[in-house]
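Just below is one structure, and these are the notes that go with it.
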Amino acid sequence: MSEEKQVEEAIVGSFNEPTDQHEEKDGSRSVFSVKNLLWHGGSVYDAWFSCASNQVAQVLLTLPYSFSQMGMLSGIILQIFYGVLGSWTAYLVSVLYIEYRSRKEKENVSFKNHVIQWFEVLDGLLGPYWKAVGLAFNCTFLLFGTVIQLIACARTWTYIFGACCATTVFIPSFHNYRIWSFLGLGMTTYTAWYLTIASLIHGQVEGVTHQGPTKLVLYFTGATNILYTFGGHAVTVEIMHAMWKPQKFKYIYLLATLYVFTLTIPSATVVYWAFGDQLLDHSNAFSLLPRSMWRDAAVVLMLIHQFITFGFACTPLYFVWEKVVGIHDTKSICLRAACRLPVVIPIWFLAIIFPFFGPINSAVGSLLVSFTVYIIPALAHMLTYKSASARQNAAEEPPFFLPSWTAVYAVNAFIVIWVFIVGFGLGGWASMTNFIKQVDTFGLFAKCYQCPPTPSSKHH
């Protein structure tokens, strides 16, 4: 059996096949080889690392900015609130994936050499219109998500880093992100605790003020950035599909979120305590901390992490493009990589056009994450199980902590209404107002963003 075929089988293996059988497929050489250790990741732990690593990246640096817009108490409460909401909708996505997979298996549909994606789950359960909606929102969200990764690495580096990120075309699927997920979480953990400890050591700046919230537009801009923070499960289905036992995914996202709280809440709280309203003019927390080898290390690690997060956000786009051009089932990594390159180029170009790091987070959060991550999964779950027969034959019963279908429907309805009004409505208004202001102030293709004005610019 060829090596590439082994990789493909590991990616798409049988839904109900136990882990040890998959390990046997990984080759007669040695299950515990270095390659398997670093490359083949389909365990529960791999999925946890993928979720936790992918959930926080550059958002760590913009959360203190959000706290300055909305105040410390609201910042902490909304982090917990949206973290729980995000974990619930990730659970719904996992349930719908299992439902779709179970129905297709009964029809003897094979997924060998095929990675199931969210829009295909919607298509199989609810029909082509839902497929179109899911595909449009998911792809647009992931497109802007990858653009944000490039923007976050600073203007000069956007050109270089964009070229480096193009190498992600050689990573076949989420099954092969094992070592990167592990390293990525280590990088964000270091950065979060650097921000916390460095801010404590620095202490409060002279005359520090904490006036937030002062304006509704700022409050809801900050709130939608937090909405975006816990909206990283646009890649949930792909991560599940890479698992040896996808049924075990249900609570992984919640466990990942609980760990993420230990990174985001202390760092954002302490940085805001130290610098207060200065953060309103500094969307990237690094810009306020004095330069040191510890800060330099955090900057470098976050740059490397941008590469990992770029790969996570772009890989589902690669899959979609492969399916469009008809080479998704190819066993040639080189052919697949060549096909994926046209996906990277427009992302690179968009990152150079828009240098607005913090405002883009909020705009994406309100306009895209609201639907992609919260509203669509909740509505899809409600419609999939609206009939008594669907509930009776459901592949997954309601969770133990919410055993009633009525209660599940009530929670889903609350999420749809809340996120539509507060996230999409008020958040969209605030984020777009702030985004347009940034475009007017700094212009497109800006060479420098939030830099001190030069004497000539002051004169004018």
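Just so you know, glycine gets a Cβ as well, placed from its N, Cα and C.
Per TrEMBL, domain 'Amino acid transporter transmembrane' is recorded for 40-421.
Listed as Cβ neighbours of the transmembrane segment (76-98) (distance under 8 Å, sequence separation of 6 or more from its ends, same chain) are residues 51, 63, 70, 116, 118, 121-122, 125, 223, 226-227, 229-233, 236-237, 240-241, 246-247, 249-251, 253-254, 257, 260-261, 264-265, 268-269, 373-374, 377-378, 380-381, 384, 395-396, 399, 411-412, 415, 419. According to TrEMBL, the transmembrane segment annotation covers 76-98 (among others).
The annotation transmembrane segment is assigned in TrEMBL to 132-151 (among others).
As annotated by TrEMBL, transmembrane segment applies to 157-175 (among others).
As annotated by TrEMBL, transmembrane segment applies to 182-205 (among others).
According to TrEMBL, the feature transmembrane segment maps to 217-239 (among others).
Here TrEMBL flags 251-275 (among others) as transmembrane segment.
If you look up TrEMBL, you'll see 297-321 (among others) marked as transmembrane segment.
Annotation comment: TrEMBL describes 333-357 (among others) as transmembrane segment.
If you look up TrEMBL, you'll see 363-385 (among others) marked as transmembrane segment. Using a Cβ-Cβ cut-off under 8 Å and counting only residues 6 or more beyond its ends in the same chain, the transmembrane segment (363-385) has close neighbours at 85-86, 89-90, 92-93, 95-96, 99, 122, 125-126, 130, 133-134, 137-138, 140-141, 144-145, 148, 220, 224-229, 231-234, 391, 394, 405, 408-409, 412-413, 415-416, 419-420, 423-424, 427-428, 430-432, 434-435.
Under the heading transmembrane segment, TrEMBL lists 406-430 (among others).
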Distant-in-sequence neighbours of the transmembrane segment (297-321), which means Cβ under 8 A and at least six residues beyond its ends: 50, 53-54, 57-58, 60-61, 115, 117, 119, 135, 138-139, 142-143, 145-146, 149-150, 152-153, 157, 161, 164-165, 168-169, 171, 173-174, 177, 180-181, 183-184, 187-188, 190-191, 194-195, 234-235, 238, 286, 328, 336, 339-340, 342-344, 347
For the transmembrane segment (251-275): best-contacting stretch of 132-151, 182-205, 217-239, 333-357, by Cβ pairs under 8 Å: 182-205
